[in-house]
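Below is one structure, written out as structure tokens, with a few remarks after it.
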Amino acid sequence: MTDTTNSPDILVVEDDASLRKLLIEELQDAGYQTAGAPDAEQAWQWLRDKPVDLVISDLRLPGADAMALLQQTRQLPVAPGFIIITGFGTVSQAVDALKEGADDFLTKPVDLQHLLMSVQRVNETRRLRLELTRYRELLGSGDFHGLIGRSAPMQRLYTQITQIARAAGPVLIEGESGVGKELVARALHAESESADGPFIAVNCAAIPAELLESELFGHAAGAFSGAQKARRGLFLEASGGSLLLDEIGELPIGMQAKLLRVLQEQRLRPVGADREEHVEVRILAATNSDLEREVSEGNFREDLFYRLNTFALQVPPLRERGEDLELLTARFIDEFGARLDHPIQGITDRALQQLKAYPFPGNVRELSNIIEWAVTFCHASQIDIEHLPDRLLKSAEIKIDAQLPDLLASNETELLPLQELERRYIEHVIEQVDGNKRRAAEILGIGRRTLYRRLGENDES
């Protein structure tokens with residue numbers, strides 16, 4: 001007999017005692033925990049006291065019939081599956097039963113093999129339906145201006161955003177790569193008094209240094225070769241709203257001084273212009289770098305750091321957000337299923353456990369990429385382990401104590417200066433990701449330009 005520990009509970013409702021006994025024994029032999037009742041009244045008493053996963057009922061019973069019992073089960077918090085058996089089966093009766101919510105309709109004499117196949121099918125359909133309902137409930141909760149999460153760290157973040165949004169000073173948003181710093185910036189804007197104004201985001205690391213000033217402050221016509229028309233910069237475009245300077249730690253030193261002046265005086269001079277313009281915009285700055293360290297190393301201006309740090313928000317990494325992983329997974333499954341026109345009804349427990357065991361160095365962005373991959377390659381009703389990317393299954397987390405024993409010397413004469421230890425570790429990470437410096441920077445939680453500085457190289461990308 002199959003282990004019934006996790007098997008569905010089944011209630012057989014049949015007034016014929018010998019048939020009821022036969023069905024119960026057959027179902028128990030197949031591994032199901034099964035009980036019986038002779039009529040609808042006793043069946044309903046059982047269901048109120050001990051809900052079951054599936055009811056198998058004869059259509060004609062003493063007193064109320066199976067159709068009445070079916071309607072009663074719909075009053076339960078979680079309705080069981082329902083299979084009707086009758087010796088008086090007609091097409092019209094089958095249609096009526098299915099319309100009323102029955103999951104299947106079988107006729108006597110009962111083909112036991114057919115019955116077992118029906119039980120398996122109905123239980124699986126019900127399980128998927130309940131799973132889908134649970135995911136829909138998840139999707140309808142935990143959303144704060146696009147930020148998804150109900151964990152304590154995220155609840156604290158929401159509270160901080162609401163409070164800081166009322167102020168007007170600059171905000172420094174810190175957090176590892178992929179945690180959702182731009183979403184935090186958008187939430188700040190949405191909660192602020194300037195929510196009706198524009199929100200503009202710019203990645204400071206993505207714009208060549210020689211074009212940054214023109215991009216941010218604008219330029220006059222003829223200011224340089226190719227500048228045939230005057231152009232308003234992003235500061236002026238965002239006037240009356242919010243401007244997010246993403247990866248602020250990658251801003252060149254020269255531009256840092258000009259940014260500080262704009263923050264202090266609320267005035268800027270477009271490139272090649274002969275007069276200044278007033279600008280009124282709230283600056284939101286985001287970084288995955290340790291700016292205090294960059295200040296101490298001379299790579300970031302101390303006065304700008306303290307100006308930006310008027311209000312600081314720390315976005316928690318995914319590994320510290322506990323139950324949010326499942327919530328985010330549900331949201332991404334729904335999102336990519338709709339986008340790819342490939343609806344998925346959730347994820348298996350073992351695949352979810354695999355996700356929970358992974359450290360997610362790329363945080364929410366990496367989870368999103370993983371679920372997009374899984375939805376793309378899933379041809380079943382649920383995402384399972386085989387649909388996850390190989391890197392997740394290998395759980396290739398870089399561990400210093402396991403992979404860098406030569407750097408952790410055991411005697412004083414072999415100990416390394418911190419700067420040299422850092423350089424060697426960075427080189428090790430780059431080697432582990434096959435020379436992909438962008439990926440290495442994400443794992444290390446620093447900007448790509450910072451990575452090049454630490455290695456003493458020029459950013460040629």
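The backbone N, Cα and C atoms fix where each Cβ goes, glycine too.
Annotated features in TrEMBL:
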DOMAIN    9-123  domain 'Response regulatory'
MOD_RES   Asp58  4-aspartylphosphate
DOMAIN    147-376  domain 'Sigma-54 factor interaction'
Local confidence of the domain 'Sigma-54 factor interaction' (147-376) - pLDDT mean: 92
Other C-beta atoms that fall within 10 angstroms of the C-beta of the residue listed as '4-aspartylphosphate': 24
DSSP-derived class (H/G/I helix, E/B strand, else coil) of Asp58 (4-aspartylphosphate): strand
Counts of helix, strand and coil residues, the domain 'Response regulatory' (9-123), according to DSSP: 52 helix, 25 strand, 38 coil
